Amino acid sequence: MLTLARQQQRQNIRWLLCLSVLMLLALLLSLCAGEQWISLGDWFTPRGELFVWQIRLPRTLAVLLVGAALAISGAVMQALFENPLAEPGLLGVSNGAGVGLIAAVLLGQGQLPNWALGLCAIAGALIITLILLRFARRHLSTSRLLLAGVALGIICSALMTWAIYFSTSVDLRQLMYWMMGGFGGVDWRQSWLMLALIPVLLWICCQSRPMNMLALGEISARQLGLPLWFWRNVLVAATGWMVGVSVALAGAIGFIGLVIPHILRLCGLTDHRVLLPGCALAGASALLLADIVARLALAAAELPIGVVTATLGAPVFIWLLLKARR
């Protein structure tokens, strides 16, 4: 038994090391790749200082943090709701951020700065989160709380559709492209949003013990002495914050929060002590690679990164499911 535990521990360490190397390689490739390839030796030349340090580095850091946040959010939701299909957009938090953003564009008549739009997106996500917490205080079951989140997401999606359909604003139509996900407008002015993600990411990665209890189910978690109501509220709030900041940075991006945790579980990473940091590394790597494809696929334009993640990720996910079933 002890030998099996040690073998599993060594395997987990190898997985984390491999994911760390993959993320580092993806990060370096993201800094080098673009309309102009800039090798490591040219990073400190005048051309490298402009393209690498001023343009590509803030975008790369944003992609890394958003990928980690979305993947961890997916892992938290899948444990919290005992549903492998749970993901950050399921509770309506992403759509709530979109409603906040569209309201800011309409009320500000397209004149608000980017930082104000970001704050409105976060506010929209947090409002949906507060509504969910209100439902949670009524001690609803996990399945009913999940259904409440789905209903809120549908309402927010309808509000966005009505607002965009009846709008003649060019900015609002461009906002539809932004809601498909993209990092084209990210620079150092959005560094405050990146910093807002880091403490929550680190805190959740340290909560493996309650996460492991939640993954056992509500009844088992209560029997083990876990204050279920408290942890459900805290984790929903933390997830709402991460998703709101991510949408403010890059728009709505699918696939990462749904598939990355599921893929890692299929690979044998079920303990949240390994799964949470593994999701952060794998989510960051996957989104970095998707962002590189989005930048380089077309010569004169940039693809929405949400389209890239779905196109590349869905076949891999189906293949892994078929392989696991065998």
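Sequential numbering from 1, following the chain as shown.
Glycine is treated like the rest: Cβ placed from N, Cα and C.
These come from Swiss-Prot:
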TRANSMEM  15-35  transmembrane segment
TRANSMEM  61-81  transmembrane segment
TRANSMEM  88-108  transmembrane segment
TRANSMEM  112-132  transmembrane segment
TRANSMEM  146-166  transmembrane segment
TRANSMEM  184-204  transmembrane segment
TRANSMEM  240-260  transmembrane segment
TRANSMEM  274-294  transmembrane segment
TRANSMEM  302-322  transmembrane segment
Problem set entry | Leading contact stretch, 112-132, 184-204, 274-294, 302-322 vs the transmembrane segment (15-35) - CB distance under 8 Å | 274-294
Exercise. Near the transmembrane segment (88-108), which same-chain residues lie under 8 Å Cβ to Cβ, leaving out any that are not at least 6 residues past its ends?
Worked result: 70, 73-74, 77, 116-117, 120-125, 127-129, 132, 146, 149-157, 159-160, 163-164, 167, 169, 171-172, 175, 179, 236, 239-240, 242-244, 246-248, 252, 254, 257
For this session: Counting only CB pairs under 8 A, let me know which of 146-166, 184-204, 240-260, 274-294, 302-322 has the most with the transmembrane segment (61-81).
Result: 274-294
Problem set entry | Remote residues contacting the transmembrane segment (240-260) - C-beta distance under 8 A, at least 6 residues beyond either end | 62-63, 65-67, 69-75, 77, 85, 87-89, 91, 93-98, 101, 117-119, 121-126, 128-129, 132, 178-183, 186, 190, 193-194, 196-197, 200-201, 279, 282-283, 286-287, 305-306, 309-310, 313-314, 316-317
Seminar exercise, completed: Sequence-distant residues near the transmembrane segment (302-322) by C-beta distance (under 8 Å, 6 or more away from its ends) are 177, 180-184, 250-256, 259, 262-263, 266, 286-287, 289-291, 293-295
Exercise. Are the transmembrane segment (112-132) and the transmembrane segment (146-166) near each other by the rule of at least 3 C-beta pairs under 8 angstroms (pairs 6 or more apart)?
Worked result: yes
